[in-house]
């Protein structure tokens, strides 16, 4: 039987994992990457490319290595927990080499259009027109996986800032920022307090005369380094913690989180406290920002009302003169210009079943991969989406009726609207564990903690109490990986390894305390398992 051919659009992280998912399901992937290399967002370049997100030279990823790795390919133990962008890209290269993925990629090839075949209602096939070196080519595919991400088009709302056209200094979007060298001795305004805005404020303040961080709403600032030096996302991403938070509800969870955040520094005193709750925004992670603020090198300001030739006037009436540069860290928008009307994006909103499948197609042969902004790592979600999509393409899984899918899409959108502050930034939000467990159920790889409690209690304990890493979804079901158990049980070793650069005598009291703690947890384990289910 002839293998089904699947077009994979984009050679970034979602594209790489999608290629591998196709191969694992016996499909034939052909990946189109318009640049000459893999990596997508994580491939640093001095000169930004149109239609592709661009990172600055110093970017450190916000999710730790255990939470962001591919499910059957742990990141090397000597790599730091939070990696520089060059190390992230190197990991992707290692992954592509390990699973021989590059042979499926056609580099320097742009996808011009993706259209239904005339007999789409029965065949589900697509006509894909591509261009390479000035030559266009049309091929027919049995399925399409769109892996172009959501950091594609810089969102630059200049119309919201009267007078900017008169401003004599330089102004640009954060995608065009590369390093702080050109800002020595200057007075700089950063507009926006997302992750890019916070990072740029910190970095530029090391050379600038003064940095002003302008924010409309304020933000809750989380840090990468959590209690006892563990990565914060590792500490907050266990199934048990997630279960407890579900029981407590959003109100108590917000109260606890805000108290913990304010113990680090008082957000009201630092001028950052927003009106919304901590879990009503996509997290802004920055370990250094409070230090720059308390040192006076970064000053927090409200929203800019208008610009003059050399100054910024803020909504509270205050004014800052002699401004040399304005950087708009105002995020991105996304679209799919090569797709026909079957997929529409309106104000950064898109209707997708489980954030993957358009509900209005006669045949489920088009999947959007990685179009989610999770409270956690996106890589493992993209991978699980790919595993599910390829099962659907192959006919191993089916989708509900169009009406059922539309009803669920509406419900999911209502939940987003209810929880999050209205913002272009929050249109594709999703909780990490909820999303992973939901996708794992669809794929058939969610670990059965109840059965494992009797057959492998040690592993079950780690699955419940430890961080919910991507490797959990290789323990059972399709695509099971023989190395999953060992990798899960050695998670803590990989976290500690890069920090062990000096021999330190371990406290005996700490060791005994940990032993007692583990014993108590073991005693309560079966009760917890039963409660969880």
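Even glycines carry a Cβ here, placed using N, Cα and C.
The FAD binding site annotation in Swiss-Prot covers 10, 11, 12, 13, 14, 33, 41, 42, 62, 63. Around residue 12 (FAD binding site), the C-beta neighbours below 8 angstroms that are at least 6 residues distant in the chain are 38, 39, 40, 41, 42, 147, 148, 149, 370.
Residues or ranges marked as NADP(+) binding site in Swiss-Prot: 196, 197, 198, 199. Over all protein chains present, the Cβ of residue 198 (NADP(+) binding site) has 25 other Cβ atoms lying within 10 Å.
When secondary structure is read from DSSP and collapsed to three states, residue 5 (dimethylated arginine) falls in the strand class. The dimethylated arginine annotation in Swiss-Prot covers 5.
Taken residue by residue with DSSP, residue 54 (phosphoserine) is part of neither helix nor strand, so it is coil. Listed in sequence order, the residues of the same chain lying 6 or more apart from residue 54 (phosphoserine) and placing their CB within less than 8 Å of its CB are 45, 48, 175, 176. Sequence annotations record features per position, and here Swiss-Prot assigns phosphoserine to 54 (among others) based on a large-scale study or a structure entry.
What Swiss-Prot records for 56 is phosphotyrosine, and it gives a large-scale study or a structure entry as the kind of evidence. Within the same chain, the residues at least 6 positions away from residue 56 (phosphotyrosine) whose Cβ sits under 8 Å from its Cβ are 44, 174, 177, 178, 179, 199, 200, 203, listed in sequence order.
For residue 58 (phosphoserine), the same-chain residues that are 6 or more apart in sequence and have a Cβ closer than 8 Å to its Cβ are 84, 179, 199, 203. The phosphoserine feature in Swiss-Prot is assigned to 58 (among others).
Summarising the annotation, Swiss-Prot assigns phosphoserine to 280 (among others) and lists a large-scale study or a structure entry as the type of evidence. In the three-state DSSP reading, residue 280 (phosphoserine) counts as helix.
Counting Cβ atoms from all protein chains shown, residue 284 (phosphothreonine) has 21 others lying within 10 Å of its own Cβ. Under the heading phosphothreonine, Swiss-Prot lists 284, citing a large-scale study or a structure entry as support.
According to DSSP, residue 401 (phosphoserine) is assigned to coil rather than to any helix or strand. Spatially close to residue 401 (phosphoserine) yet at least six residues away along the chain is no residue at all, judged by Cβ distances under 8 angstroms. Residues or ranges marked as phosphoserine in Swiss-Prot (evidence: similarity to another entry): 401 (among others).
As annotated by Swiss-Prot, transmembrane segment applies to 513-533.
Spacing of residue 5 (dimethylated arginine) relative to residue 14 (FAD binding site) is 18 Å (Cα to Cα, whole number). When the recorded positions 10, 280, 284 are screened for a C-alpha within 10 angstroms of the C-alpha of residue 197 (NADP(+) binding site), the residues that qualify, in sequence order, are 284. The distance from the Cα of residue 284 (phosphothreonine) to the Cα of residue 198 (NADP(+) binding site) comes to 8 Å.
Closest by Cα distance to residue 198 (NADP(+) binding site), from the recorded positions 10, 14, 62, 280, is 62. Residue 10 (FAD binding site) falls outside any helix or strand according to DSSP and counts as coil.
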